[in-house]
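Listed in Swiss-Prot for this protein:
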type	residues	note
TOPO_DOM	1-50	topological domain 'Cytoplasmic'
TRANSMEM	51-82	transmembrane segment
TRANSMEM	91-111	transmembrane segment
INTRAMEM	116-127	intramembrane segment
BINDING	S121, F426	chloride binding site
TRANSMEM	141-160	transmembrane segment
TRANSMEM	161-180	transmembrane segment
INTRAMEM	203-224	intramembrane segment
TRANSMEM	236-255	transmembrane segment
BINDING	E259, E261, D278, E281	Ca(2+) binding site
TRANSMEM	282-310	transmembrane segment
TRANSMEM	325-342	transmembrane segment
INTRAMEM	349-360	intramembrane segment
TRANSMEM	400-420	transmembrane segment
TRANSMEM	421-440	transmembrane segment
INTRAMEM	464-496	intramembrane segment
TRANSMEM	500-520	transmembrane segment
TOPO_DOM	521-687	topological domain 'Cytoplasmic'
Amino acid sequence: MEELVGLREGASKKPVPLQELWGPCPRIRRNIQGGLEWLKERLFRVGEDWYFLVALGVLMALISYAMNFTIGRVVRAHKWLYREIGDGHLLRYLSWTVYPVALLSFSSGFSQSITPSSGGSGIPEVKTILTGVVLEDYLDIKNFGAKVVGLSCTLATGSTIFLGKLGPFVHLSVMIAAYLGRVRTKTVGEPESKTKEMELLAAGAAVGVATVFAAPISGVLFSIEVMSSHFSVWDYWRGFFAATCGAFMFHLLAVFNNEQETITSIYKTSFPVDIPFDLPEIFFFVALGAICGILSCGYNYSQRTFLFFLKANGFTSKLLATSKPLYSALAAVVLASITYPPGVGHFMASRLSMSEHLETLFDNNSWALMTKNSSPPWAAEPDPQKLWLEWCHPQLTVFGTLVFFLVMKFWMLILATTIPIPAGYFLPIFIYGAVIGRLFGEVLSVAFPEGIVAGGRVNPIMPGAYALAGAAAFSGAVTHTLSTALLAFEVTGQLVHALPVLMAVLAANAISQSFQPSFYDGTIIVKKLPYLPWIRGRQIGSHSVTVGHFMNCALTTLAKDMPLEQVIQVVISTDVTQYPLVETTESQTLVGVVKRTHLVQALQTEPASWAPGQQPCLQDILANGCPTQPVTLQLSLETSLHETHNLFELLNLQTLFVTSRGRAVGSVSWVELKKAISTLTNPPAPK
């Protein structure tokens with residue numbers, strides 16, 4: 001029946017299946033279909049990618065806002081239960097601890113039961129994917145559902161566990177971008193393109209940051225610094241477009257829900273604009289950056305060492321392998337018990353939410369000077385108008401609570417990063433850096449109670465400005481990024497401290513990048529993800545080492561004149577993804593590349609036996625339609641390690657063949673590059 005055709009009515013007279021003509025209302029259906037085709041042609045004239053970028057930004061903003069809305073209600077319910085349960089310490093302790101324990105156990109169990117790749121931040125995996133490596137299941141839609149549910153439960157624990165959502169949201173946004181890329185391919189009818197896919201994934205990473213902090217500019221720059229060593233200008237513009245759409249939609253939803261009167265910054269500050277800081281304070285901001293850089297080295301080293309310890313220890317490794325919810329519950333009990341307000345939690349402002357932590361830390365006034373002559377009593381409930389009093393306790397000074405917070409949260413944050421749940425780790429270190437800056441600013445305000453005199457004018461010390469600089473410097477040093485300075489400006493709406501904050505971030509990064517890998521690179525090292533290490537410094541001699549010193553000389557080639565039996569033996573005995581194709585066995589002149597999958601399919605179509613004297617060779621298989629690829633890029637024996645590393649990073653390569661006067665003599669892959677860089681960085685001891 002489908003082979004029968006009729007004539008379409010009208011002037012075109014195009015043949016159509018009779019089944020279409022026999023359907024109900026054929027003329028109306030044809031008109032609607034024609035109208036949709038016309039609309040599609042007009043809309044896609046400007047480029048279909050832009051519509052999918054708008055959809056990406058809007059979808060992620062809706063998910064982010066819906067998650068914030070739901071989590072806010074759940075956190076308020078927990079606080080209400082804690083207040084209304086009475087004065088019994090046992091019941092209040094149980095209401096404070098059982099809640100996060102149950103949520104984290106469910107988050108771990110649910111996400112891990114669906115897919116193990118849903119745990120953690122997700123940024124290290126996204127960073128690996130953007131280099132061209134295919135990681136199975138990391139961009140599947142089932143991983144998206146597990147990540148959303150698990151992350152919602154994690155964030156519902158509030159400041160008790162002290163975790164954020166930046167990393168998982170980058171992962172979620174990249175998953176949405178991958179899905180929209182597949183929809184785009186089917187809609188437009190184009191063949192799948194790896195380049196197009198990577199463009200959308202890069203834009204998705206920027207949207208993930210922008211929809212968390214409603215900060216499009218720093219969102220794009222942060223995603224570039226964290227996840228790319230080289231970045232295309234074309235992706236730069238697309239990332240800004242999608243991130244702006246997401247941030248605008250996020251602000252718009254807040255205005256429509258009466259949470260904001262208009263589009264404004266997330267954290268309100270009121271730094272003076274006339275003379276926000278004096279010239280001598282530049283030295284203090286740089287010193288603060290140096291302190292943050294030193295502490296970030298200790299944090300990254302301790303966190304990575306603790307992860308290695310958990311993997312090496314028999315008990316914890318077995319617990320994490322077989323009973324992840326139990327490990328999550330045990331860690332939650334420890335963290336919740338320490339933050340219990342009537343216990344030691346009242347020395348670390350545990351009754352404040354993470355947003356309230358930042359709002360109080362960015363306060364202009366000096367708490368040390370305000371409480372110098374009087375010690376305010378510890379209120380039974382936080383005063384919404386004086387939340388900064390949560391940092392003041394009669395038994396400790398402001399300095400005592402800030403120092404206690406830094407000491408306790410240092411190892412508590414490290415413990416929280418080991419819990420196998422979907423969670424972000426950027427906001428906790430951002431707050432930790434703000435506390436460092438606040439402590440530094442309070443010390444200066446006591447050292448200079450009247451302010452700094454310069455040019456005949458007295459300028460008071462503002463600890464809130466140092467908290468802002470500390471947040472940007474410490475988080476930037478931990479992640480090896482400079483865009484955290486711009487992020488601090490966007491979330492506070494203040495640019496008056498642009499120069500000192502940027503100088504603090506530069507000082508912190510100068511120290512941290514010299515001694516330790518970033519937080520995300522450390523996770524890549526621990527998880528053993530396929531990722532190229534950086535070549536740091538010129539002293540290691542990467543320009544003097546050539547490809548001939550570290551290439552893989554055991555190269556398996558396929559010659560066009562090779563008999564089919566030998567070709568089959570080569571395919572069976574090796575497991576490489578592609579074979580270099582040479583002209584003849586004697587010449588070994590490299591002429592192309594044949595993929596293993598294509599070669600296996602071609603061999604399967606060949607007959608099982610041949611007549612005597614008629615056995616074909618590889619040339620016959622290629623002539624029958626087995627596709628080959630040209631060698632567009634190859635290395636010579638004199639190419640330096642530094643140039644090879646740059647090529648692999650810039651073009652997202654996995655393997656390159658080495659030729660000498662046209663002859664294939666070896667290959668270089670990530671394995672050889674890693675070994676060569678490791679040998680230069682850590683040379684073997686002389687015997």
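Just so it is clear, glycine is given a Cβ too, placed from its N, Cα and C backbone atoms.
Annotated features, which come from Swiss-Prot, shown on the structure.
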residue : record                : Cβ contacts under 8 Å, 6 or more apart
S121    : chloride binding site : L166, G167, P168, H171, A423, G424, Y425, Y520, T523
E281    : Ca(2+) binding site   : I452, N459, I461, P500
F426    : chloride binding site : G164, L166, G167, S475, T479
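Here the intramembrane segment (203-224) has Cβ contacts under 8 Å with residues 53, 56-57, 60-61, 63-64, 126, 130, 164-166, 169-178, 231, 235-236, 238-247, 250-251, 266, 424, 481-484, 486-487, 489-491 of the same chain, all six or more residues outside its ends. Simply put, out of 91-111, 161-180, 236-255, 500-520, 91-111 has the most Cβ pairs sitting under 8 Å from the transmembrane segment (325-342). Within the chain carrying the transmembrane segment (282-310), a Cβ under 8 angstroms from the stretch's Cβ atoms is held by residues 316-317, 320, 410-411, 413-415, 417-418, 429, 433, 436-437, 440, 444, 466, 469-470, 473-474, 477-478, 499-501, 503-512, 515-519, 522-523, 525-526, all 6 or more beyond its ends. Of the recorded ranges 91-111, 141-160, 236-255, the transmembrane segment (400-420) has the largest number of C-beta contacts under 8 angstroms with 91-111. For D278 (Ca(2+) binding site), the number of other Cβ atoms no farther than 10 Å from its own Cβ, over all displayed protein chains, is 18.
Beyond its flanks by at least six residues, the transmembrane segment (91-111) meets 78, 81-82, 85, 118-119, 146-147, 149-151, 153-154, 156-158, 160-161, 324-329, 331-333, 335-337, 339-342, 419-422 of its own chain at Cβ-Cβ distances under 8 Å.
Counting only same-chain residues 6+ beyond the ends of the transmembrane segment (236-255), those with a CB under 8 A from a CB of the stretch are 49-50, 53-54, 56-58, 60-62, 64-65, 199, 202-207, 209-211, 214-217, 219-220, 223-224, 261-264.
Only residues 6 or more beyond the boundaries of the transmembrane segment (141-160), in the same chain, are considered here, and those with a CB under 8 A from a CB of the stretch are 63, 67, 70-71, 74-75, 78, 96, 99-100, 103-104, 106-108, 110-111, 114-115, 117-119, 122, 168-169, 171-172, 175-176, 179, 332, 335-336, 339, 350, 352-354, 357, 421-423. Taking the topological domain 'Cytoplasmic' (521-687) as a whole, pLDDT averages 80 in the prediction.
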